[in-house]
Amino acid sequence: LNNRSSISEFILLGLSNSQEIQIFFFVIFFLVYVAIIIGNLLIVISVILDNHLHSPMYFFLANLSFFDLCLSSAVSPKVIADFLRKHKTISVWGCMVQMFFMHFFGGGEMSLLIAMAIDRYVAICKPLHYQTIMNRRVLIVFLLLSWAIGFTHTTSQMVFTVGLPFCGPNVVDSIFCDLPLVIKLACTDTYVLELLVIANSGLLSLICFILLLISYTVMLVTIGQHSSSASSKAVSTLSAHITVVTLFFGPAIFIYAFPFKSYSADKFLSVFYSIITPLLNPIIYTLRNQEMKAAIKRLTSYHIGSCLTS
């Protein structure tokens, strides 16, 4: 008998048992998700349509927003709908699909943040060769690498997870399927797979984060040696990048570097990582970037003017 067939779905505990609190969360998460869609779409459309933003930095920023859209959409619609349900369930295969896309877009975004750091390093430390080094071919290669790394990252974990037998407990203490929590429910020894998750997600996040901080530190030191208005603009751009990197990698490191310990904070860190961060990224980049704000203003005023004249 196939043990896996004994469980067809997982039960998600959610954030609260109170109906009033769940309705409150529904409103908050719905508004956040709408803001994520609007904010990130505005960035993507502005970069595509505005000639002032046709540069490597904005090319990466638009793709970061696209990854954010996809990462949030992998979990948010189901999470939002579940706040209106008393019994929150997800099929075993639905759970697997959710985890696959979360790590796919999460791994892709991780790689893209490194590409953005390389772009800033070249712009600040080798400005005379910037256009030559960061040409269109290099940008496409970086983008394809991000997609490939995201796919490899998720496949290397999920190929072992989908074959696990689930025949006992089926309660996931979260609002969506989280890899460490689901693995713990398997009816077999998962020690090796747990080590794989720690190495693949945890250590990878930690190493990337450390390398990014070192590279940004080198850039800030380089900027400090040149006092000019261009330097202050570079510092503003870098501070936005460092903020995004910290917000993205911080929760990921905590969840996946120590994933099989019992931390009550993990549930809320998972929410922050997959739902809140995709909202903060467009806010951080648009509020601190005059060119992006000007582009969005031109985009919205153009469409408002078109509507009025038609």
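First residue shown is number 1, and so on along the chain.
Glycine is treated like the rest: Cβ placed from N, Cα and C.
TrEMBL: automatically predicted annotations, no manual curation.
Because the structure is a prediction, the values reported are computed rather than measured.
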Transmembrane segment per TrEMBL sits at which of 175-193, 270-288? 270-288
Could you tell me whether the transmembrane segment (96-118) and the transmembrane segment (203-223) have 3+ CB pairs under 8 A, leaving out pairs under 6 positions apart? yes
The transmembrane segment (270-288) vs the transmembrane segment (138-160): 3 or more CB pairs under 8 Å: no
Which sequence-distant residues neighbour the transmembrane segment (138-160)? Criterion: at least 6 residues beyond either end, Cβ under 8 Å. 56, 59-60, 63, 67, 96, 99-112, 115, 118, 179, 193, 196-197, 200-201, 204
